[in-house]
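Participant: What Swiss-Prot records for 45-65 is region 'Disordered'. The L-serine binding site annotation in Swiss-Prot covers Thr236, Ala237, Glu238, Glu290, Ser390. The ATP binding site annotation in Swiss-Prot covers Arg267, Ser268, Glu269, Glu354, Ile355, Ser356, Ser357.
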Amino acid sequence: MLDPNLLRNELDAVAEKLARRGFTLDVEKIRQQEERRKVLQVETESLQAERNSRSKSIGAAKARGEDIEPLRQEVNQLGEKLEAAKAELDKLQADIRDYALTLPNLPHDSVPNGKDDSENVEVFRWGEPKTYDFELKDHVTLGELTDGLDFPSAVKITGSRFVVMKGQIARLHRAIAQFMLNLHTEQHGYQEMYVPYLVNHATLYGTGQLPKFSGDLFHTKPLEEESESQYALIPTAEVPVTNMVRDVILEEDELPLRMTAHTPCFRSEAGSYGRDTRGLIRMHQFDKVELVQIVHPEKSMDALEELTGHAEKVLQLLNLPYRKVVLCTGDMGFGARKTYDLEVWVPAQNTYREISSCSNCWDFQARRMQARFRAKGDKKTQLVHTLNGSGLAVGRTLVAIMENYQTADGRIEIPEVLRPYMNGLEYIG
């Protein structure tokens, strides 16, 4: 959520920055609402003061033996006007907030302008894609040869965009997640979290999935009216982990917080019809190891570089070629101020595919969550900055390993760093 003071005092500058994202801010609507809000604010304060004054007059008139009925009627009339003005002000403020909740974050000055992912900018490349002297197989074919990926059973059990993993492929999938968690907790300073996979709507508002992206979620009940019994499956562990600091005031010396969690993620993939229908690239349910940092505002840009580096380390230790791109304004997520994507080399597709997205959300989520900290010697509180990133998507890492480590006879070599998690196994198949 954007700072209301920016919308009041720097509206044209905000509109200009949002235009970089291809978002048209209704400037006239905001100006009219703000003018009306000021009028109603003055009116309610004036009516409240007048009503208080008249109420005091009743006691004085009564002490003098005067007829107080006219004064009492006047106080009642002022009370009715006050309630009406308050009701209008409350509704207007709710309308202002509802509109503010639909506004995306402002892009950082360092983010390149662009309309879509074709205008993202590559900033770094690591590793060289292997050359093969045999015909490459994709991960689906390799999964069939090793009897490790069973899509027909998943379709029977649930539907499309699900998978059943079996045997050593299932074990490799588990090993990947364990390796990532151990790396992030033992070397990168993250605290491992186990979190609910179902969250309430206040949590989804906090990290920005609601109200705008309800259609991307799996809800336990239709989203008609909010109640405590309505939940949604998490689209990413970012949602429950970041909300750990909702309505919390931290002390400055508690920052930064670094948290990681391995969870399944559930996404409806609305708008993705016909895209990546084969294999594990785009699923309704997939596993991810998430990285979250809660930091001092002055350190969030450095934290973005650090967090992205932690995700990159996974790829480097697995010896998987990748590239790092900074997303342009037209491709950034709703709550992000700046985002790096890591794209891993997928040989069968002869291209790089996203495997991690690392974002600095600035104070956008913190304002929604009222996540704050108190600086040393200061009574006032400030909003923290929040960051999140995939460290990494487990299923896509499995795809990359299967395809990059395939052999001519259809086996899959186990990356050396994963062999301790596989009881020393060197090959699958």
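Cβ atoms are placed via backbone N, Cα and C, with glycine included.
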Participant: Which one is it: of the binding-site residues Thr236, Glu238, Glu290, whose Cα lies the shortest distance from the Cα of Glu269 (ATP binding site)?
Facilitator: Thr236
Participant: Run through Thr236, Glu238, Glu290, Ser390 for me and report the binding-site residues whose CA is within 10 Å of the CA of Arg267 (ATP binding site), in sequence order.
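Facilitator: Checking Cα-Cα distances against Arg267 (ATP binding site), the binding-site residues within 10 Å turn out to be Thr236.
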Participant: If one measures from the C-alpha of Glu290 (L-serine binding site) to the C-alpha of Ser356 (ATP binding site), what distance in angstrom results, rounded to a whole number?
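Facilitator: Rounded to a whole number, the Cα-Cα distance is 9 Å.
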Participant: State, in Å as a whole number, the widest CA to CA span among the ATP-binding residues Arg267, Ser268, Glu269, Glu354, Ile355, Ser356, Ser357 given in the record.
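Facilitator: Among the residues the record ties to ATP, max Cα distance equals 19 Å.
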Participant: In the three-state scheme derived from DSSP, which category covers Glu238 (L-serine binding site)?
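Facilitator: DSSP assigns Glu238 (L-serine binding site) to helix.
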Participant: Do any of Thr236, Ala237, Glu238, Ser390 (binding-site residues) have a CA within 10 A of Ile355 (ATP binding site), and if so which?
Facilitator: Ser390
Participant: What binding-site residues among Ser268, Ser356, Ser357 are found with a C-alpha within 10 angstroms of that of Ser390 (L-serine binding site)?
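Facilitator: Cα filter at 10 Å returns Ser356, Ser357.
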Participant: How many Å separate the Cα atoms of Ser357 (ATP binding site) and Thr236 (L-serine binding site)?
Facilitator: 12
Participant: Measuring Cα to Cα, how many angstrom lie between Thr236 (L-serine binding site) and Ser356 (ATP binding site)?
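Facilitator: One finds 12 Å between the Cα atoms of these residues.
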Participant: What are the helix, strand and coil residue counts for the region 'Disordered' (45-65) according to DSSP?
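Facilitator: The counts are 19 helix, 0 strand, 2 coil.
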Participant: Relative to the Cα of Ala237 (L-serine binding site), which of the binding-site residues Ser268, Glu354, Ser356 has the closest Cα?
Facilitator: Ser356
Participant: When you measure from the Cβ of Glu354 (ATP binding site), which residues in the chain that are at least 6 apart have a Cβ under 8 Å away?
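Facilitator: Listed in sequence order, they are Asp341, Leu342, Glu343, Arg396.
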Participant: How many whole Å apart are the CA atoms of Glu238 (L-serine binding site) and Ser268 (ATP binding site)?
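Facilitator: Rounded to a whole number, the Cα-Cα distance is 17 Å.
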Participant: Same chain only, sequence gap of 6 or more: which residues have a CB within under 8 Å of the CB of Ser356 (ATP binding site)?
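Facilitator: Expected: Thr308, Ala311, Asp341, Leu342, Gly389, Ser390, Gly391, Leu392, Ala393.
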Participant: Name them in sequence order: residues not among Thr236, Ala237, Glu238, Glu290, Ser390 whose Cβ is within 8 Å of the mean position of the Cβ atoms defining the L-serine site.
Facilitator: Val239, Val241, Ala261, Thr263, Cys265, Lys288, Val289, Leu291, Val292, Asn388, Gly389
